[in-house]
Amino acid sequence: RCLYALKVGWRVCWAKAEEEDEQRHMAFLSHDISMLRLFETFLENTPQLTLLLYIVLRTNKAELSQGLGMVTAFLCVSWSLLDYHQSLRSFVQDKHELSLGSSIIYFLWNLLLVCPRILAVALFALLWPYGVAVHFPLVWLAMFLWVSLQGTDFMESPWPEQLYRAVVAVILYFSWFNVAQGRTLQRSIIYHSFILLDSSLLALAWLWGRAPSEESSYLLLLLAAALPCYLLGLGLRVTYYKWLHPNVQVQKEGRYDEVDASGGEDGVQFRSFLEPDLVNRRMQYLARTHLSLSQLAQQHFLNGAAAV
């Protein structure tokens, strides 16, 4: 998919006569790539990052390349979440894109929430490596049931839908991912409370079972910084939604970004193609799930596609 997007992008640079159509096709592909990149990040990169951190802590030494790799991997996880959110907002016509300041805060609070979670899992694996083989399926099952209770409708048939829910459950093991329409405050509080409690229990299990040594002193410092890091991430998230969210910015300017805001015009519409075959139905569903859409906006939903 990425190679095909590069091919289309190359045509956009040189084929002036078909530039508009090619740009629309390129936008269609970019939305799919953003979603697939997010899935790859949490299905492959994040577990590999956890394993690499476990190996470094286990051997108590790290090559420069390993250190740079871990830093880059942490940044890439947060970047994939930011890129996915920006892609969702650009898919909806009347949703204003994130400003530079909003993007930075969004990136930072995801980074600050993911880092302590991965550290807690890696520390727990230091003493009970086989315990992770029990812990992950149990938490994954809880997340899978939670997602199922929210009634997702992403795929066109039951079995692929179960696969989608299984993938989302893996993402939820590490990071927040919304799968249901409506306000997310209560679901977010439940999720973060659960993850904070679960990560704390993993960290306490490591503290209880570790053998006191000078080599583990730096781990105590890391662990001591993990809780303030997570709380700071939650604080930045609250800051983002209270003062830096695009909705807040446009309301200050006397305009509206939410489709159910009073005083709006015709409601939010999805950016669309001239070609009906290029409707990105996956992105339609995800945008409807993550972003508030009124009943009026739902009328335009079947005509939605990728952003130009």
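Every residue gets a Cβ built from N, Cα and C, even glycine.
As annotated by TrEMBL, transmembrane segment applies to 67-84 (among others). Residues 34-35, 37-38, 41-42, 45-46, 48-49, 52-53, 56, 103, 106-108, 110-111, 114-115, 118, 174-175 of the same chain lie 6+ residues outside the transmembrane segment (67-84) yet bring a C-beta within less than 8 angstroms of a C-beta in it.
Among the features that TrEMBL reports, transmembrane segment is placed at 104-127 (among others). Long-range Cβ contacts of the transmembrane segment (104-127) within its own chain (Cβ-Cβ under 8 Å, at least 6 residues beyond either end) map to 46, 49-50, 53-54, 57-58, 74-75, 77-79, 81-82, 85, 98, 135, 174-176, 192, 195, 199-200, 202-203, 205-206, 209-210, 219, 222-223, 226-227, 229-230, 232-234, 236-237, 239-240, 244.
Feature annotation from TrEMBL assigns transmembrane segment to 134-151 (among others).
Per TrEMBL, transmembrane segment is recorded for 163-180 (among others).
Residues or ranges marked as transmembrane segment in TrEMBL: 189-208 (among others).
Per TrEMBL, transmembrane segment is recorded for 220-240 (among others). Outside the transmembrane segment (220-240) by six or more residues, the chain places 102, 105-106, 108-113, 115-117, 119-120, 123, 192, 196, 199-200, 203, 206-207 with a CB less than 8 A from a CB of the stretch.
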